[in-house]
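*Asks:* Below is a structure I'd like to ask you about.
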C-alpha cells in the first residue's frame, strides 16, 4: 500500500445506550397521544360496528378512558343491536350483560315501556337462576349480579332478595389459597375467576338494601390478602398475576388475569367498609407491570391495559405514584440537571411530597455510592424535582439511582401508594478526552515495542499529520480515554476507520492493553481486504456506544461505464501462436511404418514355416464364418485387456467382457459342434 495517510481524529459525545443496561427498567406514566393513536388503529369499525357487543364495549370503554368521543359515529349501527338483545327472550346472559354495558356508554334512546318489560323479564330470569339448585357456574352468577347492578344504575327498581344468601352462594366457590373455582362441582382454582368473584361480591353489596354480614366481608378480605401471596414479579419490581394449572380452555394470559384481579379488588374495596391490608409496594408493582408494556399491539391487550390503569388511577386501596425521569440521559457539557417527576399512572399531579436520592451507584464502582442522601428541589412551575449533579462532581457513566418518596400530609398515606425504594437507571454523558495519542509507521521486522519514530498528537489543538507507508510496513496507534474529571474511561467499543479517496471504508476494532487502547495494522496481510487499493486514506477514530456494532467494509464503488466501450466494436486481437515443431522427412515416416508392420509379416511367415495345421478349418460357408467370428472374438477380448490396462475402468471393461464372453460361448459352441460332427463321420467311414 503506497501513498499518504492523513489522520482525522474525531471527538465524539459518548452516549451509553439504555437498552444495554438491564439492571433496572424505567417506567413512565401512560402517554395519552400515543395510546389514542393506537386505539384508533386497533379499534376500527366496519359499517359502523365493531362486530360483537363485547368487542364494541371494549372499544367504547377504551375511547371513553382516553377521552376520544366516537360514540356518535357508531350509535346508529350499535343501538339497534342493543335493543334487539334486550328485547329478545332467546338472548343469553352474556348478550344481555354486554348490551347493558354498551348502553351505559352510548345511552341509546330506547322506548321506556319496552325496556321496562325486558328488564322485568331479565330480573325474573336472574332471580330464578340465583335461587335455583342448578346454579353451579360462577360465570353465570357473575353475569346475573352485574346485569342487575347495571339495571339498577339505569334507574329501575331491582329487588335482589336475600343478598346474604347470594353472597354465601358466590363465596362457596372460593379456595383457601385465595383463588376461586369456576364450578361448584369442583375443579381447579383460577386467579382470573377470583377477579370475577370479587366483582360479583361487590355487586351484591351494591344491590343489597341491608348491610352484609361483616364477618363474611372480613373473610373475603382475608382471601384477597392470600391472593396477593401468589403474585409474581420481575426483577424491575413489576408484579402480575398468572394462572396455575388451569384447563387450557379457561386459561387467560398474565395481562387478562391481572386486569381481572384489579377490577375485582378495586370494585370490592369501593363498596366494602374498612381498608384492605394489601402492601403498597404490590399496588405500585401492578402499575409498573401495565406501564412497562408500553403501547400494546392488539385491541384486547390495549383494552386490558387502559381499563386496569383507569381503576388504579382512582381507587380506595391506594393510588400508585409513579417516579420517572423526563430525561434518562444527562450531559455534563450542557450542565443538565437531574429531574424527577412524580405522578399517577395517567400523569395526574401528585400530592405535596419530597423526593430524596438515597444513593447513586456507578456500574463500575463495585457498590461504592457516588452520591448519598441528597434532597431534590421542587420546581412548582414545571412540577419536577431537580438536583444539580454537575456541582456534585458526578462523572460520566451508568448509574443506578435509588429514590425515596415522603408524603407531606399524613392523610395522603392512606390514599396513595408509594414504594419504599424506587430504582431508576441514569446515563451521564460528556466529552471524552483522548490523551497520549501516539501513531507510528513500523517496518515489518520491527516490533511495536521497538518503535522509535512515533508521532504524538494533541487533539486539543488543531493539528494534522501525514504519514506514508508501503504494503510491507505496519501502522501502530495507541491512546487513552479520560473523562472530564480526569478518570480513565473504559470504553466498550472503539473503531478505527480507514476511508480511501474513492470512498471505500474499512473498519477495525481497537483492542485494549492494560489501561491503554492499541491497534497494529500489518498492511501485508490486509492487502486483499483493502481490495489492492493504494492511494490516500483518512483515518478516523470512533468511540461508539455499546449498542452500535461495527460496520461492514464497503465494496469498491462502481466505476462509470461508457456504453460505446461496452457495446461497440471490439479491437482486433493480434496473437502470436507457438511456431510448429519440426517434423521428420516423409521417407523416414514411411520407413518407420514398414518397420511397424514387419513383425506381423514375420509372424505369418513363422506360422507357415512351423507348419500350422489348418486342414480342420471348416470349409463350408456357415461353419467357416462361425470359426472366423470365434477367432475375432478372442482377439477382441485380448484387445479389451489392452484397453483396460491403458484407459478403461473396471466397470466398463466388465460390461464389455460380459457381452464378448456370451458371444464367444455361442460361436465357439457351434464351431466345436461342427468339428466334432465332422470327426465322427470320418471315423465311421
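Every residue, even glycine, has its Cβ placed from backbone N, Cα and C.
TrEMBL feature annotations, pasted as is:
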type	residues	note
DOMAIN	33-313	domain 'Ribophorin II N-terminal'
DOMAIN	321-428	domain 'Ribophorin II second'
DOMAIN	437-544	domain 'Ribophorin II third'
DOMAIN	577-677	domain 'Ribophorin II C-terminal'
SIGNAL	1-24	signal peptide
TRANSMEM	588-612	transmembrane segment
TRANSMEM	624-644	transmembrane segment
TRANSMEM	650-667	transmembrane segment
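Looking at the shown structure, what environment does each listed feature sit in?
*Replies:* Confidence across the domain 'Ribophorin II third' (437-544), taken as the mean pLDDT and rounded to a whole number, stands at 80.
Non-local neighbours of the transmembrane segment (650-667) in the same chain are 626, 629-630, 633-634, 636-637, 640, 643-644; each lies 6+ residues outside the stretch with a CB under 8 Å from one of its CB atoms.
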*Asks:* Let's see if you can do this one: DSSP helix, strand and coil counts over the domain 'Ribophorin II second' (321-428), in that order.
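*Replies:* Final tally across the stretch: 5 helix, 57 strand, 46 coil.
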*Asks:* Do you know the DSSP helix, strand and coil residue counts for the domain 'Ribophorin II C-terminal' (577-677)?
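*Replies:* Reading the DSSP string over the domain 'Ribophorin II C-terminal' (577-677) gives 79 helix, 0 strand, 22 coil.
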